[in-house]
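Asks: Please find one structure pasted underneath; my questions will follow.
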Amino acid sequence: MVQVLSVLVIPLLTLFFGYVASSSIDLSVDTSEYNRPLIHFTPEKGWMNDPNGLFYDKTAKLWHLYFQYNPNATAWGQPLYWGHATSNDLVHWDEHEIAIGPEHDNEGIFSGSIVVDHNNTSGFFNSSIDPNQRIVAIYTNNIPDLQTQDIAFSLDGGYTFTKYENNPVIDVSSNQFRDPKVFWHERFKSMDHGCSEIARVKIQIFGSANLKNWVLNSNFSSGYYGNQYGMSRLIEVPIENSDKSKWVMFLAINPGSPLGGSINQYFVGDFDGFQFVPDDSQTRFVDIGKDFYAFQTFSEVEHGVLGLAWASNWQYADQVPTNPWRSSTSLARNYTLRYVIQMLKLTANIDKSVLPDSINVVDKLKKKNVKLTNKKPIKTNFKGSTGLFDFNITFKVLNLNVSPGKTHFDILINSQELNSSVDSIKIGFDSSQSLFYIDRHIPNVEFPRKQFFTDKLAAYLEPLDYDQDLRVFSLYGIVDKNIIELYFNDGTVAMTNTFFMGEGKYPHDIQIVTDTEEPLFELESVIIRELNK
């Protein structure tokens, strides 16, 4: 007889969180705020942090997103709930009523995941429930001085949940033991589960035959420890241009990022259903921007790996100038493994499945083979502005001797003119160092001067290709009101950052400029699009 198991991955932490008293929940709110993103999910009101329980309903053809949610304030606080939203295309989201809530105001339903129990191993379902909609949530129940792993099941496809009467299903007598991720291991016909044991900085991997009774199989610990581990994820990722795959362990740290605050790291290796063994001890980051944390993947995805993250940073998330909501998610990304300089590296890209035909192209600028000089910049001349743009640029670096300090070009994201001023952020490339960078400092705007809001970040990249002896690079970017996602060299490196222009201002046009008098950069292809939801 084949033993059916669930695999659970849990990190084992030390943080103090504030308390906010309960009040009535009112989701009716004006959503016309000038800097609210259009296609990055934001709650209508209140506070959001980690995405939870991502899954795809194959029967309803619907994506489900749950998230850490405080509807009573725009800062973290208990009682904490699982908020809920759905989408049929990953960019147009409908927010629903709270999915799971705590029993008392000084408690919280902390992060977790959802598994579709097709085979009814839990015994929660009968034949009237579609196998694709047998939804079981496993989450951390945060009560005073204790964190346990509890489960709840849904009989209506994930909109409402009933808590298991014999909770908790895992209790290790710790107040820093959370963020369970459950997944079905097809090869071993098993469910696996992991959690973070924060205080001891390790990931614990459990197995179960019924989602109710769990056995500890192994521990994992590596990489940047930071102050705590959290939000661990273990998933099989395909290798590009092959029929092979490798297992990848994702885990988050906070604080402890080299950039400050929170970040996600990953490890490539093998998993036998019980233990994860990395290929090496090297630390790699999922996204090198300042605002990409608590990464989650969708379960029940038919092809490939699709995931998103919380687009903020614990260093300043509760201070950003948005109202009546705080925080957004990143866009969903497709993940693969690619050999880069003979080493497997995680790559991320947004493709047509994430930016579907339902996104309206309002206007477009398209150019080819432009030799960029200080007398020949590129500028959009779009008639209106939605604050939502994307751009795709492939360029090569010409072999010229240029003056020191004149080895770069910049992409300026400019606001509309308001009160006789224009706010800008810039992305650029320095050919002398093979370095992409972003500068999100905006003079005369208060928030970007916050102590921990690192305004300048950079990334060294090897060329994507060579044209004879000339280096070739590519950059795709998407700008959505107050967030920019950058994908360098076909997704070899991703960088996500929020930015905040002055009151009433948001992105209006894009310029590509350089200081060089002679052409150092040939822009082989430039496509800039103004988009609308």
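Keep in mind that glycine also has a Cβ here, set from the backbone N, Cα and C atoms.
Straight out of Swiss-Prot:
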- 1-22: signal peptide (SIGNAL)
- W47, M48, N49, D50, Q68, F110, S111, R178, D179, W314: substrate binding site (BINDING)
- D50: active site (ACT_SITE)
- N72: N-linked glycosylation site (CARBOHYD)
- N119: N-linked glycosylation site (CARBOHYD)
- N120: N-linked glycosylation site (CARBOHYD)
- N126: N-linked glycosylation site (CARBOHYD)
- N219: N-linked glycosylation site (CARBOHYD)
- N334: N-linked glycosylation site (CARBOHYD)
- N392: N-linked glycosylation site (CARBOHYD)
- N419: N-linked glycosylation site (CARBOHYD)
Asks: According to DSSP, does N120 (N-linked glycosylation site) sit in a helix, a strand, or coil?
Replies: coil
Asks: List the Cα distance (Å, whole number) between N219 (N-linked glycosylation site) and D179 (substrate binding site).
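Replies: Roughly 15 Å, rounded to the nearest whole number.
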Asks: Cα within 10 Å of W47 (substrate binding site): which of the glycosylation sites N72, N119, N392 qualify?
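Replies: Checking each Cα against W47 (substrate binding site), the hits are N72.
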Asks: Consider each pair of residues in W47, M48, N49, D50, Q68, F110, S111, R178, D179, W314, all listed by the record as binding substrate, and report the largest Cα separation in Å as a whole number.
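Replies: That value is 20 Å for the farthest Cα pair.
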Asks: Between N334, N392, which of the glycosylation sites has its C-beta surrounded by the fewest other C-beta atoms within 10 Å?
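Replies: Sparsest of the glycosylation sites N334, N392 by Cβ contacts within 10 Å: N392.
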Asks: Find the shortest Cα-Cα separation between N49 (substrate binding site) and the glycosylation sites N72, N119, N126, and name the residue that gives it.
Replies: N72
Asks: Work through the glycosylation sites one by one (N119, N126, N219) and point out the residue whose CB has the fewest other CB atoms within 10 angstroms.
Replies: N126
Asks: Three-state secondary structure of S111 (substrate binding site) from DSSP?
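Replies: The three-state answer is strand.
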